[in-house]
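Some features that TrEMBL has for this protein:
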BINDING   C42, H46, M91  heme c binding site
DOMAIN    28-113  domain 'Cytochrome c'
SIGNAL    1-26  signal peptide
Amino acid sequence: MDISISRLLITALTSGGVFLALQCFAADTPANIQRVLDTNNCSACHGKTEPVVGPAFNAVAAKYANTPDAADRLVGKVRSGGSGVWGQVAMPPNPGITDADLRTVLAWILKQTPGHQ
Ligand code: HEC
């Protein structure tokens, strides 16, 4: 009896720890942002700090740090796709993303910094 209770406690504590660790990991990217990145496939080509097919988001933020209207310009670029800014590989058009989601995700992308992972 006693043994099974302590086993239960240990199991509960252990899975609680794993749960907390996962939450800390996920807390990096706000849930609403992660949803936009996942449903529109952005995550397939962009990492937050690592380039994949396209540039890392913190590299995009660094590039446009001194461009006040960067978000406005990038709305059109992400929607229509294109190449030549980061290399010869093209970003395909993203016609399905809503304006609100696109604005939200661009504001978040442009806030990324190398130290803020
Ligand atoms: C199939 C791969 C792919 C997908 C999916 C994709 N991108 Fe890209 N993205 C790229 C590539 C490649 C570039 C570099 C284009 C260039 O050099 O002009 C890029 C560039 C960018 C840039 C910088 C543009 C510039 O002119 O500096 C932003 C911002 C961006 N992507 C955001 C997004 C967002 C947000 C999504 C999801 C809605 C997304 N991307 C989906 C491949 C992708």
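Note that Cβ sites are derived from N, Cα and C of the backbone, with glycine treated the same way.
Just so you know, TrEMBL annotations never went through curation; they're auto-generated.
Excluding C42, H46, M91 themselves, the residues of that chain whose CB lies within 8 A of the CB mean position for the heme c site are, in sequence, N41, S43, A44, C45, V53, G54, V78, N94.
Cβ contacts within 10 Å of M91 (heme c binding site), excluding its own Cβ and spanning all protein chains shown: 19. When DSSP labels each residue, the domain 'Cytochrome c' (28-113) comes out as 42 helix, 5 strand, 39 coil, counted as helix, strand and coil in that order.
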